[in-house]
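Everything on this sheet refers to the single structure shown next.
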């Protein structure tokens, strides 16, 4: 099997062309490949498939390092666009793809940046999914070590966002896994820890569902900005600094799609026997 190793701000991926080669992965195979000592090593495995809908260009599948399939990965989407362009699978600047939860448009810009239309943030608790009677801008979550206020939103995958005073000292290691597996998120959740620098600049760390804390989480950056805007804390264009680098997020509010812009880097190509 041919593959490419890529990263978006240090969030690393193995990307596989499932259009020109037949590929099938069991969860056990994915876990073995994800092992950084005995396999290739990655946060997520991305598979490019032929479109399920003839109106679209590709279908986009995402698997976490633990073998679980998920519906969205923003950093992965940028790498997906870079991959299909590099491999000559398309020459379009605007690439339309489907995911488990909907469609996306990925735009390859002239400055080497990728702009992703992430769709509209989803706030209805049942659709996140999150257990709550109605939408609120802040929810109280109780864990074994502390009670937190958080925003909850789906960007095609579930996110909870907690505001912290200092990103460096935030208790991500302990609180992250407790939020990820919190009973009010039946499909688990990506936990974001956001420090607001000003209305157009935040710092963020994300404990990702099925992957742990990563260098960057694109959908997590989108979720944090969406929550901050809904809570009246942020403007419509925000720079998000993650451990691996920065993203620009734009959102004009309810009824509008949210856009993420950032880099996608090709590291190397390889061949492995499964």
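Here the Cβ of each residue, glycine as well, is placed from N, Cα and C on the backbone.
What Swiss-Prot says about this one:
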type	residues	note
ACT_SITE	73	active site, proton donor
ACT_SITE	217	active site, proton acceptor
BINDING	11, 44, 64, 74, 75, 157, 190, 208, 209, 218, 219	substrate binding site
SITE	268	site 'Important for dimerization'
Of the active-site residues listed (73, 217), the greatest number of other CB atoms within 10 A surrounds the CB of 217
Quick one: pull the CA-CA distance for residue 209 (substrate binding site) versus residue 217 (active site, proton acceptor), whole Å only. 11
Spatially, and counting Cα to Cα, which of the recorded positions is closest to residue 268 (site 'Important for dimerization')? Options: 73, 75, 190. 75
Most Cβ neighbours inside 10 Å, all chains, among the binding-site residues 64, 75, 190, 219: 75
Counting only residues 6+ apart in the same chain, whose Cβ is under 8 Å from the Cβ of residue 11 (substrate binding site)? 43, 44, 75, 76, 214, 215, 216, 217, 218, 244
Students should find that the Cα atoms of residue 219 (substrate binding site) and residue 73 (active site, proton donor) sit apart, in Å rounded to an integer, by 6
Which secondary structure state does DSSP assign to the residue listed as 'active site, proton acceptor', in the simple three-class scheme? coil
